[in-house]
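Scroll down for the structure; my scribbles are underneath it.
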Amino acid sequence: MTISSTEQEAKKVNVVVDRNPVSTSFEKWGQPGHFSRTLAKGPKTTTWIWNLHADAHDFDSHTSSLEDISRKIFSAHFGQLSIIFLWISGMHFHGARFSNYSAWLSNPTTVKPSAQVVWPIVGQEILNGDVGGGFQGVQVTSGFFQIWRAEGITSEVELYWCAVAGLLMSGLMIFAGWFHYHKAAPKLEWFQNAESMLNHHLSGLLGLGCLSWAGHQIHVGLPINKLLDAGVAPQEIPLPHEFLMNRDLMAQLYPSFNKGLIPFFSLNWSEYSDFLTFKGGLNPVTGGLWLSDTAHHHLALAVLFIVAGHMYRTNWGIGHSMKEILEAHKGPFTGEGHKGLYEILITSWHSQLAINLAMMGSLSIIVAHHMYAMPAYPFIATDYPTQLSIFTHHMWIGGFCICGAAAHAGIFMVRDYNPAQNYNNLLDRVIRHRDAIISHLNWICIFLGFHSFGLYIHNDTMRALGRTQDMFSDTAIQLKPVFAQWVQNIHTIAPGNTTPNALATASYAFGGDVISVGNKVAMMPISLGTADFMVHHIHAFTIHVTVLILLKGVLFSRNSRLIPDKANLGFRFPCDGPGRGGTCQSSAWDSVFLGLFWMYNCISVVIFHFSWKMQSDVWGTVQNDGTVTHITGGNFAQSSITINGWLRDFLWAEASQVIQSYGSALSAYGLIFLGAHFIWAFSLMFLFSGRGYWQELIESIVWAHNKLHFAPAIQPRALSITQGRAVGLAHYLLGGIGTTWAFFLARIISVG
């Protein structure tokens, strides 16, 4: 049923709830598998425990009521928030109880951040290294110290208060999750009111969120950081509430505070330019962005988002209607355009989740790149272990979110997509063009793979033959990234025209000066050459292959020439039944499974490239005469142009710290390096095995048990094909990420 414009204006926001819809029953929750009739009967075979884990959070399988599913998801979100608050509370508690935060705050260039002390059990206190400031502990690389400094936290007592607040919020969230499922559960129409949700999320979460951060920075963060930058001891700085209550105190640091709100209401906003700045570049004392620039930035964002949160039509009959916008969105070659998408988005939470995961994943990757190019917090740029850790962290998070987007897009296509409601709209047209899309993607993957890898093979061969003049390199056959160099140059000279009042470029990665703090490079121009051109094409290759696998899984998730009735088989199925050989591993789930391996390949190349490039061309020490000595002495340009160079000069050379870490404070990384290799190798046992082999093995073991009259009541079963692949994938990724983590940190803590 379509709703006309006049009817839509009458779609009022009505907060409607059902009172006491579900009783609170610990007895019910105590029964494993209570959400499924089959599982509730208890285990007959060992498959039961696997199905219990697989289906516990698959709310679609518990009920067909969209309202009940929506309530469960809503309630689960509060549980997630509770865990996040508990984690944040724990981080602040560690900072308050087990850290050298005060020592670091007084001397952030030589004291290393530590907020973890290992108990002395059988010699484990060796892990507590001397991090400076008379403190023995484990060096941490989360960036929390730098965030606390930017917030204006000057003592451990304040961290205790933050920890207590986190605990209280955690408890409140658990209560809210229970309350909104068991006591006052929203009706389906509340969940489906897209306009109201957009208004509240844009204005409330993003708008007021930015405004509160800007307000905190202006009233607390800026004055405290200004005093810290000037060398005032933390214990002598007034407490945050004194800056809030005492305008004279603020006016000593920022004179415009004397004028109060008069410049605001008289539109004379430039009066506030002493604390809302547009300087550009980095603060030379801290090596981080100017906090007055970031306060200005968040204030501007707050205005934009609060305005954006008034754009959608709810009770007042003015503003946009999402349905109208989507249905009007069509061009001469796009058929019905976005008709039908509104109905999809308010009835399929998998479709919403897929879009949100793709967006958040991409955003996380963008954040990873901004955090080194424009370091946001004081002294984070010269803390190389933290810089490497947060880059790697945001890259992995982005990769996982994007793969999750493909997973939920596949689930949407199988469970929620209705072909009858999507005739000739853009989604239908993409599905009908899928052969062209996938075959083109396949062609570009082959092209990129052969050409990018081929450049390396050529270079390896030429170097082995001693024909260095025939190699692709900056000193022989040049393949300069001319477009990237042009972009860098534009960004270096643009601020002079676009922002004439800015003091410096947006990021020194594009060009400009070397910014050093405590004789360490915080940021400097990143020169690009043949080596970067080559590895960027490897990035293009691995990204396109990942997209090919994931997109193929989504577009062919309902049917294919091989299996026309895929939609009936579900999101994950091992094969198309007996007697149809060659149909295994073709479900949408299997595409996500394969896509995750390529995501791992892809992100690994990115973080290896970043780690080596920064050590070679950016990070290092600055002598008094201004000369820069890089950690690996600029070897990236000549070594990374061969496969052998990556193996010998990056992986092998930089693994020496983790391999030789035994007997030092870094020895845990040596053990993790070893253990994670084992976890990775263990995964291969699941990935390369046949199910029948294990089933036969189990049956002979059961025979032996029967012979001795202690056969188990629950019948043992081999893992299904899908379960085995899931276990293999989990250990492959866990082992790979653990290995990389230990390799990176042992290296960079030693040399950084």
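Using N, Cα and C of the backbone, Cβ positions are placed for all residues, glycine too.
What Swiss-Prot lists as [4Fe-4S] cluster binding site is CYS575, CYS584, and the listing cites sequence analysis. According to Swiss-Prot, the chlorophyll a' binding site annotation covers HIS677, on the basis of sequence analysis. Swiss-Prot lists MET685, TYR693 with the feature chlorophyll a binding site. Feature annotation from Swiss-Prot assigns phylloquinone binding site to TRP694. According to Swiss-Prot, the feature transmembrane segment maps to 73-96, 159-182, 198-222, 294-312, 349-372, 388-414, 436-458, 533-551, 591-612, 666-688, 726-746.
Of all the binding-site residues given, namely TYR693, TRP694, the one with the smallest number of surrounding CB atoms inside 10 A is TYR693.
Across the structure, MET685 (chlorophyll a binding site) and the residue listed as 'phylloquinone binding site' place their CA atoms 11 angstrom apart. By the Cβ criterion (distance under 8 Å, sequence gap of 6 or more), the transmembrane segment (388-414) is counted as touching the transmembrane segment (591-612), at least 3 such pairs being found. If you look at the transmembrane segment (73-96), the same-chain residues 6 or more away from its ends with a CB under 8 A from one of its CBs are 57, 59, 115-116, 142, 144-145, 148, 156-157, 159-160, 162-167, 169-171, 173-174, 176-178, 180-181, 186, 191, 349. Residues 372, 388, 391-392, 395-396, 398-400, 402-403, 406-407, 410, 535, 538-539, 542-543, 545-546, 549-550, 552-554, 557, 632, 636, 640, 646, 650-651, 654, 725-726, 729, 732-733, 736, 740, 744, 747-748 of the same chain lie 6+ residues outside the transmembrane segment (591-612) yet bring a C-beta within less than 8 angstroms of a C-beta in it. In this structure, the CA atom of CYS584 ([4Fe-4S] cluster binding site) is 29 Å away from the CA atom of HIS677 (chlorophyll a' binding site). Two recorded stretches are said to be in contact when at least 3 C-beta pairs lie under 8 angstroms, sequence spacing 6 or more; the transmembrane segment (666-688) and the transmembrane segment (726-746) meet this definition. Residue environment of MET685 (chlorophyll a binding site) contains 13 other Cβ atoms, counted within 10 Å of its Cβ in all protein chains. Between the residue listed as 'phylloquinone binding site' and CYS575 ([4Fe-4S] cluster binding site), the C-alpha separation comes to 19 Å. In the three-state DSSP scheme, TYR693 (chlorophyll a binding site) is classed as helix. Ranked by how many other Cβ atoms sit within 10 Å of their Cβ, the binding-site residues CYS575, CYS584 place CYS584 at the bottom. In the shown protein chains, 15 other C-beta atoms lie within 10 A of the C-beta of HIS677 (chlorophyll a' binding site).
For the recorded site, CYS584 ([4Fe-4S] cluster binding site), the DSSP three-state label reads coil.
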